[in-house]
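For reference, the structure discussed in these notes is given below.
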């Protein structure tokens, strides 16, 4: 395979790769577009859905097991975390083989959520600060499905480049799957393709994505 990465040629050679669904970054936004009313509403509603589910679990636990509401909220959030974490871990494993940047973002969010769960438990058993529950729940919600489904760190980038990055990720994950498929021949071709896609994805990510929220905010404030 040539060292030159030609996505258009790869699309023609392997059209089946682009039917490969990626279960992360469903909404891809330039950072300043995150504050547009519709996009902000999507981000907010994604977070609120987690909060409402946790509160719903808490009410059910409180009514049926006679726990006080704060204890029920702690238990419901832990329960929700046990439901969400396997999916989040599975998505991270997919991202790991098509976007190191996003895989790291998902891993960091998982660590933060675990710390928040520990804070919930410490607050209930030791700290006993009632006003800490809802800010903690809000943080938990923003580091869950918001991080999984929404990628808001793009620079002021042409839409075509954002689509190109997504297609490279699809191709990378598809090529990775082919390396694990015993019937795929020759395996070294797909391994080479996978490595080239990963390098191209990292290169393009550095060009069109802010490395983190702090960098995105600083860039926005400079305008």
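Placed from the backbone N, Cα and C atoms, the Cβ positions cover glycine too.
Caution: TrEMBL annotation is automatic and unverified by curators.
If one looks beyond the transmembrane segment (37-61) by at least 6 residues along the same chain, the residues whose Cβ comes under 8 Å of a Cβ in the stretch are 27, 29, 67, 69, 72-73, 75-77, 79-80, 137-138, 140-142, 144-146, 149-150, 152. Here TrEMBL flags 37-61 (among others) as transmembrane segment.
Same-chain neighbours of the transmembrane segment (67-87): 50, 53-61, 110, 113, 117, 120-121, 123-124, 130, 133, 137, 140, 144-145, 148, counting only residues six or more beyond its ends whose CB sits under 8 Å from a CB of the stretch. Annotated transmembrane segment per TrEMBL: 67-87 (among others), in sequence order.
Using a Cβ-Cβ cut-off under 8 Å and counting only residues 6 or more beyond its ends in the same chain, the transmembrane segment (108-126) has close neighbours at 70-71, 74, 77-78, 81, 85, 88-89, 92, 132-133, 136, 139-140, 143-144, 147. What TrEMBL lists as transmembrane segment is 108-126 (among others).
Look at TrEMBL and you will find 132-154 (among others) tagged as transmembrane segment. Sequence-remote contacts of a segment are chain residues at least 6 beyond its ends whose Cβ falls under 8 Å from one of its Cβ atoms, and for the transmembrane segment (132-154) they are 23-31, 33-34, 39, 42-43, 46-51, 54, 70, 73-74, 77, 81, 84, 87-88, 91, 102, 105-106, 109, 112-113, 116-117, 119-120, 123, 162, 208-213, 216.
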